[in-house]
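Taken from Swiss-Prot as is:
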type	residues	note
DOMAIN	4-70	domain 'J'
ZN_FING	139-217	zinc finger
REPEAT	152-159	repeat 'CXXCXGXG motif'
REPEAT	169-176	repeat 'CXXCXGXG motif'
BINDING	CYS169, CYS172, CYS191, CYS194	Zn(2+) 2 binding site
REPEAT	191-198	repeat 'CXXCXGXG motif'
REPEAT	205-212	repeat 'CXXCXGXG motif'
Amino acid sequence: MSQDYYQILGVSKTANSADLKKAYHKLAKQYHPDNAASGDTNAEKKFKEINAAYEVLKDEQKRAAYDRFGHDAFQNQQARGGAGSQGGHPFGADINDIFGDFFSDFMGGGGRRKPTSSKVRGSDLKYNLTINLEEAFHGVEKNISFSSEVKCDTCHGSGSEKGETTTTCDACGGVGATRVQQGFFMIEQTCHKCQGNGQIIKNPCKKCHGLGRYHKQRNLSVNIPAGVENGTRIRHPGEGEAGIRGGNNGDLYVDIAIKPHDIYKVDGANLHCKLPISFVNAALGGEVAVPVIEGGKVNLTIPAGTQNGDQLRLCGKGMSKIRSTIRGDMLAHVHVEVPKNLSKRQRELLEELRGESANEKENDGSFFNKMKSLWS
């Protein structure tokens, strides 16, 4: 392998522009044919190598390309193109041919591209659907209505009139872009003739104007599985907008919102509710019928001495879960109700109860201890 350009100039690969310039001027002066020692037959050759090296390394973009592909890429291309040919390029060929891959990386594929397809995938759609808690528990099928782009039923998505076909764009060769020389680089531009599609529709469909789709109001039945939670997103593949000129459809995403319930508050798979009971049931215990989310009622046992704010649990009576037979629990928060309007008999009974309570020791500190515990 011959010397690379850094070796020719006698600098490291990390040399800055000032170092390059200094090294170049020193060597150019030394090996200039007018200054070279008499009889030095290699001076002219060396001088050309120095100029070629500096020509590449002083340019940031050329230097980046040289660092990436190496010295051999230049030598090989020069051998193929012939010295001094190809329009005066210093390496015997258009430098853009040497670095086609380099341009592809930085320009989005400007080197050797294959013809592009005129098909474009349709956009995804989002639909917000509100359901009640019972529907979330049982699952439900809902009919929704929305507007979107649909596949043209006249041209079947091709964009051409019936019997017509598309042709490859002769301006870009089906690539969808043309290349324009701007100094050292070849710059890609969207083809003005096919607008980047790569195909030309000579006789566009009159219904969809060559797009292969048109706008329409749609009705769709969507299935909501049992156990969905608030904020659940359900994907319906292929139910989004139709693609352009036969491209694949997008997807439809249904976002679920659950209405607040009159009785229950949702906490994951558990349900919370307030349970009002009489002070008699709280003191003596008993059973009360409570409604459940699946419909109907179940009996809940109230232990004797239940206090206001106590929490009673009904296992397996909460929300269902998606793809599971396990349910959450229902938690009833006790609210002891004290009657405001007493009958004569009720008052008499309570007075008797108070009289019995008065016979208990009132100076044992228990009342004050309870008060203290409430404030501690």
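Counting begins at 1 with the first residue displayed.
Glycine too: its Cβ is placed from the backbone N, Cα and C atoms.
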Practice prompt. Return yes if the repeat 'CXXCXGXG motif' (205-212) and the repeat 'CXXCXGXG motif' (152-159) have at least 3 CB pairs under 8 Å (sequence gap of 6 or more), otherwise no.
Written response: yes
Discussion item. What does the DSSP secondary structure composition of the repeat 'CXXCXGXG motif' (191-198) look like, as residue counts for helix, strand and coil?
Written reply: 0 helix, 0 strand, 8 coil
Worksheet item: For the binding-site residues CYS191, CYS194, which Cβ has the most other Cβ atoms within 10 Å, all shown protein chains included?
Response: CYS194
Response to the item:
One finds that other Cβ atoms within 10 Å of the Cβ of CYS169 (Zn(2+) 2 binding site) number exactly 23
Worksheet item: Would you list the DSSP helix, strand and coil counts for the residues of the repeat 'CXXCXGXG motif' (205-212)?
Response: 0 helix, 0 strand, 8 coil
Discussion item. Counting across all protein chains present, how many other Cβ atoms fall within 10 Å of the Cβ of CYS172 (Zn(2+) 2 binding site)?
Written reply: 23
Discussion item. What does the DSSP secondary structure composition of the repeat 'CXXCXGXG motif' (169-176) look like, as residue counts for helix, strand and coil?
Written reply: 0 helix, 0 strand, 8 coil
